[in-house]
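Everything below concerns the one structure shown next.
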Amino acid sequence: MIYLHAIDPIAFSLGPVKVHWYGLMYLAAFFSAWSLGRSRILRGRLPGVDMDGFSDLLFYGMLGVVLGGRIGYMLFYAFETFVANPLILFKVWEGGMSFHGGLLGVLVACWLWARKHRLHFFDVMDFVAPLVPLGLGFGRLGNFVGGELWGKFTQAGWGVIFPHAPELADQLPAQIQAQYAAGALNQLARHPSQLYEAALEGVVMFVVLWTFSMKPRARYALSGLFALLYGVFRFIVEFVRVPDAPIGYLAFNWLTMGQILSLPLIAVGLALLAMSRRAPVLQPVLPTPAGVEAAK
């Protein structure tokens with residue numbers, strides 16, 4: 001049944017402060033990363049690092065996600081707007097985050113943290129890779145709740161009518177509701193591409209990576225698998241997702257910025273998986289009893 005999107009993006013209010021679902025999804029993402037990371041630390045998946053060290057790594061990662069995601073969005077998707085008004089970079093409440101920018105931010109953050117702790121960069125990235133997909137899934141759910149980043153038109157029974165889409169933006173909620181009840185808006189249903197990405201980049205990637213990480217793997221393998229899966233899934237979903245308005249299609253009337261940015265990920269993923277075939281396997285080293293107590 002075609003669904004009319006009518007979810008309030010505001011979860012609740014505390015006096016004058018309005019708490020948005022998207023912000024809560026970020027909290028859920030960081031909590032899931034902490035919980036999964038704690039489990040991996042207790043199983044010795046990053047030898048020599050205790051919970052204090054992991055908490056430090058998570059803080060670095062959070063900064064990388066937020067700063068990289070925002071800067072990446074400005075550079076990849078709103079560069080002209082940014083050049084005209086550089087201060088818009090700080091208006092995070094207006095929305096605008098890029099996964100690929102966030103990924104670059106996390107890479108820089110993990111490199112700095114690995115250098116600080118004298119660890120191999122890819123040992124750190126292999127540790128982090130299984131912690132990320134659930135956060136991606138929560139982020140896409142936040143996009144859906146916010147009614148943004150919708151897909152192309154579809155007549156599939158699970159299509160969603162988004163009131164903030166251009167074709168309905170000038171109508172009042174009561175008008176939209178009346179037309180929906182009469183079945184007059186069915187032709188305006190769109191692919192819920194946010195949910196497709198939540199399922200693929202969130203659930204599927206988490207199950208695959210977490211299962212794969214249960215046994216010690218060669219260096220580069222987990223990082224390579226993450227990059228490959230994300231690149232492929234994002235490239236596919238872009239075919240049913242409306243391209244970002246300021247940019248549109250970049251070539252062939254179908255190639256999007258998201259697809260162009262995903263191609264290097266696919267190539268890097270394949271290269272890392274090839275490198276892993278000759279790389280050493282990082283054997284787990286269980287933390288000391290004191291470290292286990294500190295994690296409780």
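Just so you know, glycine gets a Cβ as well, placed from its N, Cα and C.
If you check Swiss-Prot, you get these features:
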- 10-30: transmembrane segment (TRANSMEM)
- 57-77: transmembrane segment (TRANSMEM)
- 92-112: transmembrane segment (TRANSMEM)
- 119-139: transmembrane segment (TRANSMEM)
- 194-214: transmembrane segment (TRANSMEM)
- 220-240: transmembrane segment (TRANSMEM)
- 254-274: transmembrane segment (TRANSMEM)
Can you tell me which recorded stretch out of 57-77, 119-139, 220-240 has the most Cβ pairs within less than 8 Å of the transmembrane segment (10-30)?
119-139
Apart from its near flanks, which chain residues at least 6 from the ends of the transmembrane segment (220-240) lie with a Cβ under 8 angstroms of it?
99, 122, 125-127, 129-130, 132-133, 136, 151-152, 154, 191, 193, 196-197, 200-201, 204-205, 208-209, 212-213, 254, 256, 258-259, 262-266, 268-276, 279
Quickly jot the same-chain residues contacting the transmembrane segment (119-139) by Cβ under 8 Å, restricted to those at least six beyond its ends, or write none.
25-26, 28-30, 32-33, 36-37, 40, 45-46, 48-49, 57, 61, 97, 99, 106-107, 110-111, 113, 197-199, 201-203, 205-206, 209-210, 212-213, 217, 219-223, 225-226, 230, 272, 282
